[in-house]
Amino acid sequence: MGLTSQLLPPLFFLLACAGNFAHGHNCHIALREIIETLNSLTEQKTLCTKLTITDILAASKNTTEKETFCRAATVLRQFYSHHEKDTRCLGATAQQFHRHKQLIRFLKRLDRNLWGLAGLNSCPVKEASQSTLEDFLERLKTIMKEKYSKCRR
């Protein structure tokens, strides 16, 4: 049961169209989830959001979009790994403790989604300027909203 030469071009065309549709659809879904996570994170005011993080977004002029996403995921992972059990972040009350756990959960989700969007195995992160986690997340949200508007076109 071989394919005739007349069937091959339409099959390749359908395959290419399906791939482009799936890529655009996945881009749309992933970005929407990232933006929703960033909205939740930036609304939270916890003790940890005032701590500093390596601001790779300030020094991302000569990097590709994928490298920027990869580096953002890397610094977020470094941040939440270091501060997950940090007593400065845990707070004194049960409510502060709950907010901190929620913050870490959202940062892990954001990390996972950024890695998926980047599609890279690893990326180097050079020491750059520092900013608060709150400012970093706001800038990342702006970048993601711009990408989302381009993805929808």
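Cβ atoms here come from the backbone N, Cα and C positions, even for glycine.
For CYS123, the disulfide partner named by Swiss-Prot from the candidate list CYS70, CYS89, CYS151 is CYS70. Between CYS48 and the candidates CYS17, CYS89, Swiss-Prot records the disulphide pairing with CYS89. Nearest in space to CYS89 (disulfide bond), taking C-alpha to C-alpha distance over the recorded positions ASN62, CYS123, CYS151, is CYS123.
Rounded to a whole number, the distance between the Cα atoms of ASN62 (N-linked glycosylation site) and CYS70 (disulfide bond) is 14 Å. Residues within less than 8 Å, Cβ to Cβ, of CYS48 (disulfide bond) and separated from it by at least 6 positions along the same chain comprise HIS83, ASP86, ARG88, CYS89, HIS100, LEU103, LEU133.
Of all the disulfide-bonded residues listed here (CYS70, CYS123), it is CYS123 whose C-beta has the fewest other C-beta atoms within 10 angstroms.
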